């Protein structure tokens, strides 16, 4: 008989010794692993985009050998994003595979490069390929395209993805060659359809021995699988994990509309950022400005698109940037007539430091998009412009080195992270919703709060950013970047950049500054910033609270010129001046009359020539100021007393020889009183001061911006000393009446 025979008495022994080889001549040994130098990665790139450089960087990290086809060629494969095409890639593969057709031991891995990153190395790829036990393995997809009519021709798959994806495949060189040699179409024909027809042909599939990576062990296509793939940190490494199949794919492909998700994974994979080491690529390809003799030329685009609080300070910050002024040019678009006075004051200062300043005012009636296009052109059309730095007026840059830091990071587009104080609102989005608007990425809060520090590839950034001049003159040379459908200008810019394949980065490696809230900025007053204590408390404090205020609690600078009369710094010069200006602009001083309809009962026993905070709509601001800044001092000087921070009477008093020069002795209707000097004795007026009669103690040289704090009723009978000439202003509150 033909075949092999086994004697009955030896059957048991044979089964024990060779349980899987009942026939002589069968190979019982596992196949030896393929050496990593026998793996060749092939990709196609007719241009070197940001995505290509990221792909090559990940390949270099794992020591892949990569052959790039098509470099320097014109792309004739169609618009792969929105239509069929890609045949040029198959034609190039056909040409190159002829050189490897007889190398039986060579494994060829083809993958896209613009939207692919490696998450594992050659050894892992080859091990998984061998385990698949086929000659060629294609990436698998849950979505059938481009011809859905071919669904019935696919083999049935009970577990895993059923359809082929041409974005990645791996196989022995002779077998890959057999596939691509069948190509006889045009460069703009569809590569996906070509490979699909090879696979669904049962004879070809079996003859070449092709399978799909059904469970995404090697290739992970993200389109249609967004909910399957998560970021995983384990053993000091970052991987993308398919939670449906419990696999760790090696090549991650952000095909179709999933490029934003791929960018998110690319921030971590392969080990770009880990929990143990933080950002491992932050110093990659950076530049050192301290080593250059001449700094790059920067055009700064400034945009004032709505009434904005604290604008003079914003403009002054531009002049304090740590950057050579001779290398700067300024483009300013001001949409608001309200701010023209601020622009004029700034220009008169800046023109002595910055040679080129272009101002486009509200009379031009430009839309925001038109203005931003003009600002970008200000750099684009200047061959000497190395960088374009766009800054909106609602950005507070507290780091003078911001511009240098961004340039040194050496990215095409990069923004510094700025947030609203105490909030998660920032100038970037970590993800987009399906309709292209805000969605919160998994890492957004950690980035905003500084728990993860690095340089992050993001889909949207705004308010403040730096763009390379050569990028504006190459990939982004279209003038109308800020106009797109009905999108806001910032969203239009970001969408255009994404579609051009230009990565946008946000850096939180340093503290750069913050964002102002402009939503409720009321410009009906004379000094409108005074009302910003709720919307922008940090900025309000910086502008209006005395810089020595914190020393009250750290250096014990509170003075006591009279018994239980405490004296401390509270207001800045600007606060004093603006409060006086506001009252004078309002102008309805009471005249120091006893009959006063503003108070309960309509009669004031000891009247002053004053204006109440309530009259200028400043009452709520003033009471909040008392709770935030006066109450802590109260607790320090009147130990054990906790103020409610409430006052019925809050007002600015005006003393002058012509109207009211002094105030007779009286007790205040308060538990304690604050009395803040708003101008300077000796400069603005002579005389004045306060005398506490019971202690025979006078204070005749009040300091501007400093406050007295003393008990009100019962103990501290006092009087206002005569003003001899000039005008004296004080702000008074009767607290806890």
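In case you wondered, yes, glycine gets a Cβ from its N, Cα and C as well.
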Pick from 221, 320, 673: which does Swiss-Prot describe as phosphothreonine?
-> 320
Which of these, 612, 718, does Swiss-Prot say binds Fe cation at the same site as 666, 668?
-> 718
Residue 522 (N-linked glycosylation site) and residue 728 (active site), compared by Cα position, are separated in whole Å by 29
Other residues with Cβ within 8 Å of the Cβ centroid of 666, 668, 718 at the Fe cation site?
-> 606, 665, 667, 673, 712, 716, 717, 719
Candidates 63, 365, 666, 696 (recorded positions); nearest Cα to residue 728 (active site) turns out to be 666
Do any residues at least six apart in sequence from residue 668 (Fe cation binding site), in the same chain, have a Cβ closer than 8 Å to its Cβ, and if so which, in order?
-> 712, 713, 716, 734
The recorded positions listed are 63, 297, 320; by CA-CA distance, the one closest to residue 209 (N-linked glycosylation site) is 63
Rounded Cα separation (Å) that holds between residue 718 (Fe cation binding site) and residue 365 (N-linked glycosylation site) | 58
Among the recorded positions listed here (63, 365, 666, 725), which has the Cα closest to the Cα of residue 696 (N-linked glycosylation site)?
-> 666
